[in-house]
Amino acid sequence: MGGYRVGLGVDVHAFADPAEGRQLVLGGVRIPSERGLRGHSDADVLAHAVTDALLGAAGLEDIGHYFPDTDERFRDADSIWLLREARRIVGGGWEVVNVDAVVICERPRIREHREKMRENLAAALGVEASRVSVRGTTSERLGFTGRGEGIAAQAVCLLERAVGT
């Protein structure tokens, strides 16, 4: 069989209460917002979806297996660092061909932050930014994202077997 594998990653996080003082982080970018997302790490849904897509493409366990929310070492962890670690776990036997990701929320709009998100994700994966796509969409006011209760993200990662492996 060929040397390509694809993985799908999905993540969702609810907004935290403003009194918790959490910052909103998407793709490693701190985005001005009254509310951040609730989570054990920095709750970066975009980075988490990409991480799960990468791990899935390599046929490995999910993000929670490697970075469990029961482990205090990962409390408030930088999710771009988690992605970088997941890339290390996947190892050199696979090359990232591309990643396509979408953030699903009514607010905030991510357009002005997309390029920096792409750069952050690409750097963590060890590829040029042209191999990473980040888009935003709404759920047309349907479901928990439509009601402004949280943010979701989905990502697809294509891996190719590295030459000589």
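The backbone N, Cα and C atoms fix where each Cβ goes, and this holds for glycine too.
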Asp11, His13 show up in Swiss-Prot as binding divalent metal cation; which entry in His40, His48 does that record put in the same site?
His48
Measuring Cα to Cα, tell me the gap between Asp11 (divalent metal cation binding site) and Arg147 (4-CDP-2-C-methyl-D-erythritol 2-phosphate binding site) in whole angstrom.
17
Rounded inter-Cα distance in Å - Asp71 (4-CDP-2-C-methyl-D-erythritol 2-phosphate binding site), His48 (divalent metal cation binding site):
16
Divalent metal cation site shell beyond Asp11, His13, His48, criterion: Cβ within 8 Å of Cβ centroid:
Val12, Leu37, Gly39, Ala43, Asp44, Val45, Leu46, Ala47, Ala49, Ile151, Ala152, Ala153
To which of the binding-site residues His13, His40, His48, Arg147 does the lowest count of other Cβ atoms within 10 Å belong?
Arg147
